[in-house]
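Participant: Have a look at this one before I ask anything.
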């Protein structure tokens, strides 16, 4: 009797125990998330520190972005051409590069230039709140380019996010209109870049990881940024004779920016893009807390209320995308099972026909 009663308990406990492989996968996933959050957090705060006139006081966003792109181009070229860490796609021709990669590089340079410029005028916390508009921009531009279908429910969700961000902007203690326009422009250019990647590269079967992306895109960004840098910031830097290039500050800052791209590859490659979106929400809240507690930026209750509404809208949007993805996978799995059943029935029918003919011949 004792043995009989012990058996179900043993089996139940074994089903609730996670296998070592699953535990290892969970630990690695959280490790990738932590690395990405740390590096993203570091790059944002580091850029703010360099550009803010009250901190390091080097308000030259084009120059900073140019340094990043030059560093990333050099390291990516070494990894691809010298160390052969990754292989380049064979389908990338000069014509495809000019028609697809160059426009993406132009948009990326504009996005980085404007987003770095916004740190001069806005607080870190408020910039993160404005970045909540990214799903709105990506969906709207996707509908405009016919990559997404218009749905009234999704557009309602986008309006809710926008309403939350508007409330957060209304409650901003140190609102700077020019800074807001710069950040909104950065969001628009980045969203357009993401949609064009789908249209110009993904739809043609070309997939680039962060190293090959930097190998192709970073030199484009460097060339595009040279034009405004020569006309806008170079004359000012020449006048500022007291400035001496700090190799430690700009070297470590550029290295963090490059490492962040590798962390994106690890996070998306080993988990999913949706995991990165969820981790991004955690990172934004951490940055808001850091901006308020350490940098001493003013964060009002209206700020938090508005961003809370936007946060709920983004969370619902991510949930809807995950639900749609699961439904699509379930439908594909059902179709595969249906095809297997159909092929099984055809095989059975053929076997029956063979047996029938054999019996007729023997009769």
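First residue shown is number 1, and so on along the chain.
Cβ atoms are placed via backbone N, Cα and C, with glycine included.
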Participant: Need the matching range: TrEMBL marks transmembrane segment on one of 177-201, 327-351, and I'd like to know which.
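Facilitator: Per TrEMBL, the stretch marked transmembrane segment is 177-201.
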Participant: Of the listed stretches 154-171, 177-201, 247-267, 301-318, which one has the most C-beta pairs under 8 A with the transmembrane segment (120-142)?
Facilitator: 177-201
Participant: Cβ under 8 Å, sequence separation of at least 6 from the ends of the transmembrane segment (58-84): give me the contacting residues as numbers and ranges.
Facilitator: 47, 50-52, 109, 112-113, 116-117, 119-120, 211-212, 214-215, 218-219, 221-222, 225-226, 228-229, 232-233, 236-237, 243, 250-251, 253-255, 257-258, 261
